[in-house]
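*Asks:* Features from TrEMBL:
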DOMAIN    B:12-153  domain 'Electron transfer flavoprotein alpha/beta-subunit N-terminal'
DOMAIN    B:174-255  domain 'Electron transfer flavoprotein alpha subunit C-terminal'
BINDING   B:186, B:211, B:212, B:243, B:244, B:245, B:246, B:247, B:248, B:249, B:250, B:264  FAD binding site
């Protein structure tokens, strides 16, 4: 089975700074694979291995996502190739725009059976790209997958909703969104990282700038509630008692 | 202006119906697999056959939207309906604004980077589609018709077949209603240690909750009990975070708490900058001492 993982590269949220005017400063944040897309990469590799196929990754974003460390990190996780469109016309895309860029990248591949996406991206957590991509590709879409296996010409998916676990027979090709529990991300070894440098990395030029469906009106850090920040060291005499008294008083 | 509400649950429909009344002069409700009563001027229902999935109602839903021509679409953010909303948005040349916390004349506001920011966006086109989290709007006092019109489910091309389903075991946690919540984080290295947190919770009448890794990584706690951007968003009177470092993705779920208490062995844990009272120490010794002192 030819498995495609469609992933997002985002600024590392550990390094987002909040400026005095509450605007967000990303200048110190390096590009990383969005956390739950690591699970999609691993699920893709496992499904490809179980079916004697191969897994490749596709991604699109601003020019800054073309970062050698990040690209190697993707390829070191068992991907056979990475197709990447890095263009500032793809900065900060909504799901409608993302699908416009990703769909032709998938269609131009030399055959594909299923596209896996992660549960949600670190920036928007909108869980929308999979559905938008499925609409563009005119294929079924299923979210919440926790287990995937080939079943004849279709894909057997166990997926979790708010109230049940469903067993689905998904005709291929299809787009499937996987929950983190579908596959735990591997930790690439030094050998994997070195080998990643020799794998194909295809820069895909953007044919046409995507049309956005949403425009950003404002984006600010929330006003933080003032907190007392009274911190005791438990080894100090009476610290636990003081903490307990404050807790009792607050109840 | 006409609004369309799409829901799987009556309570969610009531909240969205109440919100829609604020800006729309006509409200249409669409229940997927459920009758929505008393929330809209017109109530439609699509019953999904047992061997089909809710997401594949998209073809039917797109046809309904084409007929109704709503300017605003509000959708309950369930796993299944998020997929329907996405396909409907694609059909309308739009993108869904998800998990909105506020709807205003300028646009809809959602969390950005797990709460690092609050971002307001507006549609470029004429139609706005939003998913609305539970509890953002007050559903009390909504009104509308009780007459429900059935719309036949239409298979899309290549439908997914639902072969079997088993209900998820409902845990009895009701965090949203809890006044006091104890949240366990990665500081708990062994499942057995959670007993220490449970003892404390019992002592102060708290519900137990956790961070995402304890629910989805280790599976020590039920999924419904994790707090954070993709989980529960709470505003209890008191929150006690134990072994939780204070990552943004978790804290955004409790930062509206009346008072925040924290126990962590790392004095540099970010939670100590976001709490009212903190206690630096090893939870193995601190928790029994704390339970005893209460």
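Numbers run from 1 along the shown chain.
Cβ atoms are placed via backbone N, Cα and C, with glycine included.
Predicted automatically and left uncurated, TrEMBL annotations should be read as such.
Each of these features: where is it, how hidden is it, and who are its neighbours?
*Replies:* Assigned with DSSP, the residues of the domain 'Electron transfer flavoprotein alpha subunit C-terminal' (B:174-255) fall into helix, strand and coil as follows: 30 helix, 17 strand, 35 coil.
Around residue B:246 (FAD binding site), a 10 Å sphere centred on its CB holds 21 further CB atoms from the protein chains shown.
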*Asks:* By DSSP assignment, list the helix, strand and coil residue numbers for the domain 'Electron transfer flavoprotein alpha/beta-subunit N-terminal' (B:12-153), in that order.
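*Replies:* The domain 'Electron transfer flavoprotein alpha/beta-subunit N-terminal' (B:12-153) comes out at 42 helix, 44 strand, 56 coil.
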*Asks:* I'd like the number of other C-beta atoms within 10 A of the C-beta of residue B:250 (FAD binding site), please.
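*Replies:* Other Cβ atoms within 10 Å of residue B:250 (FAD binding site): 27.
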*Asks:* With FAD as the bound species and B:186, B:211, B:212, B:243, B:244, B:245, B:246, B:247, B:248, B:249, B:250, B:264 as its recorded binding residues, calculate the greatest Cα-Cα distance and give it in Å as a whole number.
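*Replies:* Maximum Cα-Cα distance: 18 Å.
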*Asks:* Of B:212, B:244, which of the binding-site residues has the most Cβ neighbours inside 10 Å?
*Replies:* B:244
*Asks:* For each of the binding-site residues (B:186, B:248), count the other CB atoms lying within 10 A of its CB, then report the residue with the highest count.
*Replies:* B:248
